[in-house]
Amino acid sequence: MYTRTKTKKVFVGDVQIGGQNKIVLQSMTIAKTKHVKKSLKEINDLVKEGADLVRIAVFDDADKRAIRKVVDQSPCPIIADIHFNPDYAIAAIKAGCKKIRLNPGNIKSKEKLREICLLANQYNIPIRVGVNSGSIPYDLMREYGVTSTAMIIAAQRYVRMLKRFGFDNIVISLKTSSALLSMQAYELGAKKFSYPLHLGITEAGTLINGTIKSVAGLTPLLLKGIGDTIRISLSTNPVDEIKVAKKMLNSLGLYENLVDVVACPTCGRLNFDLFKVTKEIEEFVKDLHFPLKVSILGCSVNGPGEAKEADIGIAGGKQEGIIFKKGVVVKSVKQEYLVDELKQMILEEYELFKKKNGK
């Protein structure tokens with residue numbers, strides 16, 4: 001099996017995919033590429049949240065003409081999403097996109113596919129071979145149905161098309177809307193291909209449903225070392241895709257650059273508005289990109305003991321709460337000042353982090 005540390009290295013601009021334990025985060029704009037200002041606003045928001053790469057759709061000639069404007073002003077490498085029209089892929093490469101996503105089976109002209117491969121080699125641009133369960137070739141559907149086997153054979157077929165034209169700078173995705181089928185496809189893909197794998201559950205759904213389905217389908221793969229880059233596909237603001245990806249990877253020990261706020265589920269001992277406080281702290285730390293675990297607990301009965309794994313935290317009360325570090329109580333504070341004290345401690349930890357890391 002080719003785990004992420006053993007897959008081939010592919011570079012999207014200066015971003016490495018494969019051959020390492022880092023999972024590259026990406027998302028896709030929902031603005032039309034021709035709407036340059038809106039596209040750039042989304043791209044900047046995504047990068048601020050932690051995206052390494054952003055994909056844009058090239059749907060028509062107006063989008064094609066706008067690519068260079070977007071690429072030239074983007075703070076991260078841009079990926080072009082191409083369907084059917086080979087001229088858009090060629091234009092995207094020439095306009096400075098650092099990666100192309102396409103389905104080689106949708107490019108009817110073999111001469112055009114050859115031209116794309118030659119140009120991508122010239123510009124050192126990788127191509128993601130995107131296999132989707134909804135577009136499995138008819139002959140494979142007829143023989144195998146919508147199965148992981150059909151998807152892998154389709155991917156092998158598309159890879160051969162590219163290699164026939166001397167192109168081997170490849171990333172592969174095997175997307176379905178089923179968590180179980182996705183797991184099967186990617187596990188089989190990790191055995192068959194040494195190319196980096198782009199993980200994702202397509203058409204996953206809205207924020208809650210899509211998050212549940214994506215985490216259910218991708219976590220087992222990530223724990224097995226499968227997957228080099230990831231997009232959490234959600235029917236919501238693209239920034240939420242990066243937030244969910246970071247939280248999921250952080251819970252698996254694969255992403256550190258965030259403040260992890262944990263809180264107890266509460267019980268009858270609760271004497272303050274823990275839900276409100278937790279949301280307030282989550283909002284407070286959302287732009288602080290550094291590793292810290294903050295615990296917010298409902299009472300002092302189990303507080304410090306339950307929070308030993310947290311860096312800092314609080315346990316609230318009716319009139320007074322406690323503040324602790326690494327499970328050790330450091331002070332008692334009137335309840336009305338508890339949240340402000342916690343915020344100050346978080347900022348102090350952030351300043352220490354910046355000083356230690358020369359930021």
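Here, residue 1 is simply the first one shown, and the rest follow in order.
Each residue, glycine too, has its Cβ placed from N, Cα and C.
According to Swiss-Prot, the feature [4Fe-4S] cluster binding site maps to C264, C267, C299, E306. DSSP gives E306 ([4Fe-4S] cluster binding site) a helix state. Annotation for E306 ([4Fe-4S] cluster binding site): same-chain Cβ neighbours under 8 Å, separated by at least 6 residues, are C264, S295, L297.
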Would you please pick out, from the binding-site residues C267, C299, the one with the fewest other Cβ atoms within 10 Å of its Cβ? C267
